[in-house]
Amino acid sequence: MPLHPLGDKPLTFPGPNSAMENGLDHGTPLSPGSLRSAAHSPLDTSKQPLCQPWAEKRGAQGTHEVRYVSAGQSVACGWWAFAPPCLQVLNTPKGILFFLCAAAFLQGMTVNGFINTVITSLERRYDLHSYQSGLIASSYDIAACLCLTFVSYFGGSGHKPRWLGWGVLVMGTGSLVFALPHFTAGRYEVEADTGVRTCPANPSAACADRTSGLHRYQLVFMLGQFLHGVGATPLYTLGVTYLDENVKSSYSPVYIAIFYTAAILGPAAGYLIGGALLNIYTEVGRRTELTTESPLWVGAWWVGFLGSGAAAFFTAVPILGYPRQLPGSQRYTVMRAAEMHQLKDGSRREASNPDFGKTIRDLPLSIWLLLKNPTFILLCLAGATEATLITGMSTFSPKFLESQFSLSASEAATLFGYLVVPAGGGGTFLGGFFVNKLRLRGSAVIKFCLFCTVVSLLGILVFSLHCPGVPMAGVTASYGGSLLPEGHLNLTAPCNTACGCQPEHYSPVCGSDGLMYFSLCHAGCPAATEMNVDGQKVYRECSCVPQNLSSGFGHATAGKCTSACQRKPLLLVFIFVVIFFTFLSSIPALTATLRCVRDPQRSFALGIQWIVVRILGGIPGPIAFGWVIDKACLLWQDQCGQQGSCLVYQNSAMSRYILIMGLLFKVLGVLFFATACCLYKPLSESSDGLETCLPSQSSAPGSATESQLQSSI
């Protein structure tokens, strides 16, 4: 008989009257003790135990297949002795889902949103190099890798809500620590020095004292990120398994999808809110002559971290009040057993023991069981390839959009946020919805992941297109407008030789001839300015900008030239497709991982998977993408003789390198998912008589109906 219809109902005695005669409630799920007491009841005239084929085959170990909360264990919602009845309305799967979604939203908004948005501002404010900011970003994954084994192994058999609540508190502390340098480093006193950037320049101000010591705050930022990683470690291991243990098996993908959708919407909100905060001057309330287009502008990067830190403290308190298991969750244990991956030897008996995994002595066996599970290993490797693309592209996609479409940093971050909200959030939610709606089980879930990966692989091909870069005088075009051979850079021309321009001061302006110039000085513009109708500064009589209609000099406008790329809509549409189908497979892949390991190993398996994903994907992903994107750099910043960050990229090379990286990791993902699908063997193929011990729906007229079960969820 099929296992899925039965999995939708709790396992009960066939007859309510006879069950009550033996002192058993009609709605009580079967447990080892109830099986023994039922052996001498009127339910079985032969006086034989229920599930005789299973009991004979499995022996005494078979009784450990079902775990329940002991009678003395409290399932009330509250904090120690304080558990008022009014709080019990939240003691449901939907209640804990709400607070876990809030925590995941805050984590995504802070770590994957705010951090990626403010990296450029931190480099500018605290004199950090790119490799230093990259180390700050990697501190999160380093902390997670160090803590995952400990948290997932011991937290999996411990009180999960308490682990989760304390983790959120640590994460909130990390946000407050990350914002601390703003209050201890003093005011940001830089002012617009137009005398250095106009013609003639002031050479005495070219290389002022740069030994401020602010770069030492890198250690404070790393500490904040480290605390973020420590606090978020229980969230995506224990949080997922806690949800999976307390809801019906068929509803688990939906709950997990909602949870991960909140985690995806967090970064999107981080990009949008962070981009908006960067338009506010970092010294809130103080007036400045700087504009948002100025390379010296630093936005209010720290405000978001204060808000997320305070919100994390308010979120942690209710999570700490939830019980070890929600009321009524015991009935879902048997339902999940039918979908577990089949182990090839007798070691599954040890994994089925309810006491397995509670001591350090079981750790080697736990690791060995996971290493012998080929489906689990392949899903981990597939997740690593996806994580490489997700972390790499989420870090550098704003820079890609900024270069391709000639946008400012805040505009690029906001545009990327608009893409991530519907694509990432919608894909994550719909992935879980499709698994539930289509009733995908076992290898069908992995096939769905394979389909999504193939579609996103085809979408990656859009990176074979690119937007032509705005021509820049002395970099990609000569001062006369003709194209320069690649590698022939010369910012000096006869029209600006007498200006004494310094290469340290990059402040691009757009000439009336359509060329972009390195600075006002390189365009030969004097200090006299006026304002146009858009509020931008306009510089007249620029000696390097030719006038098209008369014999006089042209003018230049502060800021980059706008891009008139005709391929912009096509690029944005296919980037949306890639993001959508990449996240569409995330919840099905997680569901497949939960179904290919035994119950006591689920938290530990997720912990090991996250370690593999971070070591092979999360940590090297941004480094690999950053390395290939640096290969596309045409002009590097000159910081008084030292090479700084990249100022101008070659759009065609950037698209080509991202295409190569995308194809490489997507092809690997397809291979891993395809192999996992072939090697997956569901437990139902060798169920050890489990199917024969489960009564059919027709034999259980008193069992809970589907509507009753749904209402309890």
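First residue shown is number 1, and so on along the chain.
Cβ from N, Cα, C; glycine included.
Features reported for this protein in TrEMBL:
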| type | residues | note |
| --- | --- | --- |
| REGION | 1-43 | region 'Disordered' |
| TRANSMEM | 96-115 | transmembrane segment |
| DOMAIN | 96-681 | domain 'Major facilitator superfamily (MFS) profile' |
| TRANSMEM | 135-156 | transmembrane segment |
| TRANSMEM | 163-183 | transmembrane segment |
| TRANSMEM | 219-243 | transmembrane segment |
| TRANSMEM | 255-281 | transmembrane segment |
| TRANSMEM | 301-322 | transmembrane segment |
| TRANSMEM | 376-396 | transmembrane segment |
| TRANSMEM | 416-436 | transmembrane segment |
| TRANSMEM | 448-466 | transmembrane segment |
| DOMAIN | 489-546 | domain 'Kazal-like' |
| TRANSMEM | 570-592 | transmembrane segment |
| TRANSMEM | 604-629 | transmembrane segment |
| TRANSMEM | 657-680 | transmembrane segment |
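Among the stretches 301-322, 376-396, 416-436, the one making the largest number of Cβ pairs under 8 Å with the transmembrane segment (657-680) is 376-396. Contact between the transmembrane segment (135-156) and the transmembrane segment (604-629) is present: at least three CB pairs lie under 8 Å, with pairs separated by 6 or more positions in sequence. Within the chain, the transmembrane segment (604-629) has long-range Cβ neighbours (under 8 A, six or more residues past its boundaries) at 130, 134, 137-138, 141-142, 144-145, 148-149, 151-153, 156, 233, 236-237, 240-241, 357, 366-367, 370, 376, 379-381, 383-393, 395-396, 399-400, 593-594, 597, 649, 654, 657-658, 660-661. The listed stretches are 96-115, 163-183, 376-396, 416-436, 570-592; of these, 96-115 has the most Cβ pairs under 8 Å to the transmembrane segment (255-281). Within the domain 'Kazal-like' (489-546), the DSSP-based counts of helix, strand and coil residues read 3 helix, 18 strand, 37 coil. Summed and averaged per residue, pLDDT over the domain 'Major facilitator superfamily (MFS) profile' (96-681) gives 80.
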